[in-house]
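Some features that TrEMBL has for this protein:
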- A:12-29: transmembrane segment (TRANSMEM)
- A:65-87: transmembrane segment (TRANSMEM)
- A:149-166: transmembrane segment (TRANSMEM)
- A:199-220: transmembrane segment (TRANSMEM)
- A:232-257: transmembrane segment (TRANSMEM)
- A:269-286: transmembrane segment (TRANSMEM)
Amino acid sequence: MTVIFGQTFTGISIGAVLLLIALGLSLTFGQMNVINMAHGEFIMAGAYTTYVLQKSISSAGLSLLVALPVAFLVSGALGALLEWLLIRRLYLRPLDTLLVTWGVSLMLQQLARDIFGAPNVQTRAPELLTGNITVIGGDDPLTFANSRLFILGLAIAAVVALSLTLRLTPLGRRIRAVVQNRDLAEVSGISTGRVDRTAFFIGSGLAGVAGVALTLVGPIGPTMGTNVIIDAFLVIVVGGIGQLKGSVIVAFVLGVLQSVLEYSTTVSVAKVLVLVAIVAFLQWRPQGLYTLRTRSLV
Amino acid sequence: MAGTAALAAVVALSACGAKTDAGGSSDKAAQADVSGDTVKVGLLNSLSGTMAISEVTVRDSLKLAIDEINASGGVLGKKIKPISEDGASDWPTFAEKASKLIKEDRVAATFGCWTSASRKAVKPVFEKNKSLLFYPVQYEGLEESPYIFYTGATTNQQIVPALDYLKSQGKKKIYLVGSDYVFPRTANKIIKAYAKANGMTVLGEDYAPLGSTEFSTIANKVKAAKADAVFNTLNGDSNVAFFKEYKSAGLTAKSMPVVSVSIAEEEVKSIGSQYLAGQLTAWNYYQTTPGAANTKFVKAYKAKYGQGKPTSDPMEAAYTSVYLWKAMVEKAKSFDPEKVKAASDGITFDAPEGKVTVDGASQHIRKTARIGRIGTDGLIEQVWDSGKPIKPDPFLKGYSWASGLS
């Protein structure tokens with residue numbers, strides 16, 4: 001019984017990581033139809049921001065808290081810069097955005113290698129986050145890792161914040177208007193260029209936040225973005241492009257599926273089975289792929 | 001006609017490959033460029049990717065040995081000129097770079113590789129070109145190549161002593177966690193055979209892809225299995241994620257110790273001793289190993305690369321390998337790989353780990369096994385050693401339980 005609860009929690013925590021890395025992409029991919037291959041490198045930028053901050057702030061807890069907003073700003077600024085320099089010239093050519101952002105991602109990886117060195121680096125987690133809490137005591141205790149709870153909380157907070165921004169703020173209304181009908185929004189007096197850049201800023205900033213979370217799980221390196229970007233695209237495509245709700249559900253379902261399969265088979269077999277399940281799902285419900293016309297964010 | 005000729009060529013080539021003695025095939029050996037007053041050697045390590053955490057230190061240590069030898073007059077009157085290549089944690093890249101070092105740079109010998117996957121990838125390149133590789137890392141054994149000198153431990157110098165130690169501590173139920181490639185899978189085959197013959201139980205066996213950082217399920221499985229100890233053959237920085245998760249799951253060195261065979265001082269430093277304090281490692285050398293040769297090595301390394309830099313087993317084996325090559329070349333009075341090989345048997349060196357001797361037949365070296373415990377200061381303190389250097393036995397011929405392996 002403990003095992004079932006433990007694995008479910010593990011699955012949810014894997015899902016929370018997936019959700020965090022996919023959330024920003026869901027905004028930029030869904031909003032502007034831009035396949036941003038450099039999204040993984042924005043995650044990396046967030047992780048390295050944490051690393052740099054920890055070098056100047058000795059308290060691991062404080063540096064983590066400072067890293068969250070700073071990483072959001074750093075990655076967001078990188079995203080806005082990328083949008084302004086390149087992507088805004090390519091809005092009607094999605095395949096070109098793929099190629100261009102892929103090139104940018106390779107350049108950013110090399111840049112990270114030149115600045116921080118090729119070997120991966122680590123950050124110290126705050127003492128509080130290295131332990132666990134006991135949910136059920138006794139001979140066969142059920143414990144939840146504090147770092148995983150923190151990531152789960154972060155993912156929920158990010159989803160709520162993004163959802164509220166899109167629903168309630170003037171900016172959110174403008175983003176939704178542009179998504180539903182770009183031309184009509186334009187003639188209604190909305191500066192679509194500015195909306196695009198702001199959305200890109202927020203989406204990339206969320207990647208930075210995901211990067212901070214990933215420093216609690218594993219090492220930080222120039223290629224860490226490429227390791228997670230595929231998972232992020234899977235979550236969005238299966239969930240339905242631009243569907244925030246879809247991304248949330250799929251992230252957690254895939255997380256739980258992965259952890260259950262890993263427990264009953266092996267890590268490698270579980271990865272294969274999850275991919276098979278995704279392919280089968282898309283055969284049955286390809287709408288995930290074809291929601292471009294009716295895409296909406298809330 | 002052409003077919004017959006090709007067949008003849010294949011037969012001739014394979015006959016050459018099978019020949020392991022020094023039988024005067026030097027005309028076909030890789031043509032090392034020793035015309036000037038320098039001799040080039042190749043350094044082949046992952047300077048990027050998941051293995052860089054470990055391999056960069058090996059490269060640094062090789063350079064230290066080369067600098068020392070050059071400062072004292074070089075080898076056969078020639079200064080050593082290292083050519084460093086990045087294997088990039090990618091096995092085909094290793095093979096490509098090995099070929100480049102041998103054919104374009106015309107090096108006299110190459111030092112490097114860490115993972116068995118990279119060694120297996122370059123092995124045919126060195127054999128085909130009859131050029132020498134000095135391999136400095138402990139590995140899974142069950143291999144002998146006429147063109148590789150193995151200066152790290154083979155199984156009976158590391159894994160078997162580690163299992164003996166666990167057994168002597170009353171640890172009967174063990175759990176195996178490793179990276180998914182040749183070293184952990186072969187090592188675990190050997191561990192299972194040992195366990196079966198020694199009344200130990202293997203409760204589970206889990207592999208994660210190299211570079212994987214998601215270990216929550218594996219930590220849960222290990223915890224649920226209630227093992228006495230975990231035998232860890234993870235490589236590279238997957239260890240970071242694994243030990244973070246291990247601690248988060250509430251497992252400690254007290255409740256369930258982990259014996260690692262690929263975590264040395266450098267990895268301890270970057271993983272963080274708060275995750276590792278109290279855990280066990282099995283190696284032939286630690287920074288704390290006593291002896292004048294080691295004091296000198298540690299001091300020289302820190303002087304060159306910084307006081308905060310620890311030394312480790314593969315670094316020591318790499319450092320030693322350059323000196324062993326030098327001794328072989330000087331005994332052979334030639335850089336020719338065949339003559340160097342012929343001169344190798346019985347070569348000794350006062351290495352930082354203690355005196356090591358080359359076993360010419362297997363091209364491995366006699367090494368002392370040491371079990372250590374990781375301290376809160378990041379250093380590893382020896383808790384047990386084999387007392388004297390152990391003769392290498394890569395195919396475990398001396399162990400009846402290992403008869404079904406290889």
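Just so you know, glycine gets a Cβ as well, placed from its N, Cα and C.
Model, not experiment: these values are computed from the prediction.
Against the transmembrane segment (A:12-29), stretch A:232-257 has more CB pairs under 8 A than any other of A:149-166, A:232-257, A:269-286. Segment contact holds for the transmembrane segment (A:65-87) and the transmembrane segment (A:199-220), given three or more CB pairs below 8 angstroms at sequence separation of 6 or more. For the transmembrane segment (A:149-166), same-chain residues at least 6 beyond its ends with a Cβ under 8 Å from one of its own Cβ atoms are 12-13, 16-17, 19-20, 23, 27, 68, 129, 133, 172, 175-176, 202, 206, 209, 213, 216-217, 244, 248, 297-298.
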